[in-house]
Amino acid sequence: MRTPKPVVLTILDGWGLNEDTSSNAPVLANTPTMDRLFATCPNATLTTFGPNVGLPTGQMGNSEVGHTNIGAGRIVAMDLGQIDLAIEDGSFFRNAAMLDFAATVKAAGGVAHLMCVVSDGGVHGHILHGQAAVKLMVSHGLKVVVHAITDGRDVAPQSAEDFVAALVASLPQGASIGTVIGRYYAMDRDNRWERVEKAYDAMVLGKGEHARDAVSAVAQSYANKVTDEFILPTVIDGYEGFKAGDGLFCLNFRADRAREILLAIGADDFDGFAREKPVLSALLGMVEYSTRHSDFMTTAYPKRDIVNTLGAWVAKQGLTQFRLAETEKYPHVTFFLNGGKEEPEVGEDRFMPKSPKVATYDLQPEMSAAEVTEKFVEVIGKGYDLIVTNYANPDMVGHTGDLQAAIKACEAVDRGLGAVVAALEKVGGAMLVIADHGNCETMVDPVTGGPHTAHTTNPVPVILFGGPEGAKVHDGILADVAPTLLQLMNVPLPPEMTGKSLIDL
């Protein structure tokens with residue numbers, strides 16, 4: 001088999017397949033390149049949710065899970081399932097790091113602050129984890145304050161009232177809610193420090209909007225026509241901020257959107273905005289957020305090493321690779337694709353155009369796709385063996401719930417893909433086009449009729465362009481992508497990769 005060069009993986013983040021075309025942005029968009037690829041290239045579908053990507057049954061996938069499985073070439077048991085099981089079997093309540101945190105805060109005479117996503121979306125956090133952690137801390141004689149991060153992005157846009165009410169009803173004596181904060185502020189990942197500062201002020205200083213109780217905080221937000229994701233950081237009556245000796249436990253099990261607020265709270269060298277660092281007795285994370293965070297935090301569930309990822313294995317063969325995505329998805333094609341390893345592999349180059357500085361991406365659905373494409377076309381001619389690129393638009397604009405904007409997002413990506421195909425035709429390269437999960441193919445909630453902003457469990461495409469003559473592709477899972485790329489590169493699989501190539505010759 002001829003070895004094409006480069007071999008390319010293009011990830012259309014959030015571009016799923018849905019037979020219902022009524023709110024299906026990829027179908028409603030003008031996408032001549034994707035239409036051509038579907039019509040002329042071998043294609044099939046991939047499953048991106050549940051046990052096929054290491055998640056509980058029925059749990060939708062997400063970009064972290066997707067890129068981790070893609071890079072690993074095997075099904076990777078994800079943190080959500082691990083933590084759920086620990087709560088179920090009771091080992092959660094015996095977790096050494098959590099017990100150390102509780103003992104340290106108690107010895108300092110402090111309060112245990114718990115930062116928790118209050119939804120059952122299961123992408124960054126889960127309300128059940130928060131309820132379990134409250135139970136654990138109260139059982140050790142600690143006063144507990146919950147900082148409720150409202151979602152509205154991985155669940156319905158106006159579901160926080162029910163989730164917050166359920167959390168309040170479950171709180172034992174000694175536990176209360178101190179703040180209610182939309183994830184737009186508490187979980188930024190694009191260095192928009194003006195947002196993070198508002199969340200910091202509410203949590204740490206007790207400054208912000210005010211409400212008499214947590215449910216009222218959500219209700220008054222709705223009265224102002226502000227949905228869950230965007231709830232202004234709101235301080236509940238009686239909460240006065242962090243005090244010396246207090247401790248913070250962040251329950252996010254996905255790293256990217258927890259990093260900024262935690263740097264503001266815990267890093268000595270933080271310079272995102274002027275602040276006086278709180279004097280905490282303990283700072284605990286559900287998982288490891290980065291090596292920098294590990295300098296000032298402990299971890300309840302340390303990461304497990306994923307040996308011989310796609311990037312590591314390509315590097316071991318003495319081959320070169322390039323990773324490309326705008327800011328919003330850059331960690332996914334680097335950190336997550338490399339199995340949680342931040343440093344590039346030998347022979348791995350990277351480029352990250354900045355995502356546009358807009359409040360929400362429906363205001364600029366093209367995002368930075370043009371810059372991504374310009375660099376993409378350039379590096380196709382540079383002699384790399386493997387190129388991995390992520391187009392963020394379908395997912396990031398899909399999360400806004402704006403169908404017309406999502407259509408524009410798909411069209412912007414399709415234009416870029418057209419230039420990429422032309423560049424590959426010139427050099428004789430091959431490409432797999434896939435998505436890591438669905439999103440923008442369902443922009444209206446079929447139950448409520450309102451905007452649908454979450455990921456889906458729909459199948460996603462896999463298309464082979466420039467592959468071997470007569471090749472076909474079959475349905476599979478994300479763990480099969482790396483073995484497929486390695487087959488195209490004529491590189492043997494490492495023994496750890498249990499995925500199977502999607503190509504039938």
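Glycine is no exception: its Cβ is also placed from the backbone N, Cα and C atoms.
Same-site candidate for Mn(2+) 2 binding, as annotated by Swiss-Prot with ASP13, ASP436, HIS437, chosen from SER23, SER63, SER501: SER63. HIS124 is the residue from HIS124, HIS126, HIS293 that Swiss-Prot records in the substrate site together with ARG153, ASP154, ARG183, ARG189, ARG254, ALA255, ASP256, ARG257, LYS329. The binding-site residues close to ASP395 (Mn(2+) 1 binding site), defined as a CA atom within 10 A of its CA, are ASP13, SER63, HIS437 out of ASP13, SER63, ASP154, ARG189, ALA255, HIS437.
Between the CA atoms of ASP154 (substrate binding site) and ASP436 (Mn(2+) 2 binding site) there is a gap of 15 Å.
Separating the Cα atoms of ARG257 (substrate binding site) and ASP436 (Mn(2+) 2 binding site) is a whole-number distance of 18 Å. Summarising the substrate site geometry, the residues cited as binding it (HIS124, ARG153, ASP154, ARG183, ARG189, ARG254, ALA255, ASP256, ARG257, LYS329) extend over a maximum Cα to Cα distance of 17 Å. Checked against HIS455 (Mn(2+) 1 binding site), the binding-site residues SER63, ARG189, ALA255, HIS437 differ in C-alpha distance, with HIS437 being the nearest.
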